[in-house]
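The transmembrane segment annotation in TrEMBL covers 21-42, 48-65, 77-99, 105-125, 137-155, 161-180, 192-214.
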């Protein structure tokens with residue numbers, strides 16, 4: 001593959017690598033989603049305590065990927081797939097709860113997530129404006145949202161859950177745009193598993209935010 005790019009003009013080679021990175025990354029996202037579904041199925045009858053342990057283990061796998069990405073592509077992909085399974089186990093109690101109390105919300109959230117990610121992903125991929133500053137703002141906004149979520153546990157704020165979910169969607173709209181822009185600007189194929197993990201987390205969080213919104217609307 002390297003020889004093929006060597007005989008192409010620099011601009012064409014970079015564009016081809018970007019397209020290849022996009023294809024590989026989205027393939028990994030699809031595979032991770034499949035592993036997530038498997039984990040959710042396996043964890044459907046597990047306790048919330050085990051789900052929490054799986055949640056911690058999933059982020060341990062995510063951190064480990066940062067160290068293996070430059071050493072072993074196979075190990076990084078294996079960690080990515082394991083991350084998907086563990087995250088599925090972690091979210092399984094939530095999915096089971098909604099499936100038993102309001103299954104319509106699951107379908108609504110899934111459809112809304114597809115439209116949301118598709119729209120903002122396309123915008124991020126197409127824009128020429130550097131979104132690095134936006135990503136930094138979203139990071140700090142996410143930390144503030146986490147603090148707000150902790151406050152909601154102890155303080156009853158009217159409409160607090162809806163505000164939390166809407167703000168979360170705004171923040172992850174920025175993350176989605178930034179991650180998809182990275183797909184176009186980056187030509188290093190080795191980072192495909194890391195980008196896939198980031199995009200998968202974007203999708204999952206958007207889905208969970210929509211799930212809370214539609215659950216509230218169907219009450």
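Each Cβ is built from the backbone N, Cα and C atoms, and glycine gets one as well.
A quick note: this is a predicted structure, and the numbers were derived from the prediction, not measured.
Same-chain residues lying 6 or more positions outside the transmembrane segment (77-99) and placing a CB less than 8 Å from one of its CB atoms are 28, 31-44, 46-48, 50-52, 54-55, 57-58, 61-62, 64-65, 68, 105-106, 193, 196-197, 200, 204, 208, 211, 215.
The list of residues near the transmembrane segment (192-214) in space but at least 6 beyond its ends in sequence, with Cβ under 8 angstroms from a Cβ of it, reads 21, 24-26, 28-29, 32-33, 36, 62, 65-66, 69, 73, 76-77, 79-80, 83-84, 87, 91, 94, 98, 102, 104-106, 108-110, 112-113, 116-117, 161-162, 164-166, 168-169, 172, 175-176, 179-180, 182-183, 186. The recorded stretches the transmembrane segment (105-125) and the transmembrane segment (21-42) do not share 3+ CB pairs below 8 A when only pairs 6 or more apart in sequence are counted, and are therefore not in contact.
Below 8 angstroms of C-beta separation, residues 39, 76, 79-80, 82-83, 86-87, 89-93, 193-194, 197 of the same chain, each at least six residues beyond the ends of the transmembrane segment (48-65), sit close to that stretch. When Cβ-Cβ distances below 8 Å are used as the criterion, the transmembrane segment (21-42) is approached by residues 54, 77, 80-92, 95, 183-184, 186-189, 191-193, 195-197, 199-200, 203-204 of the same chain, each at least six residues removed from its ends.
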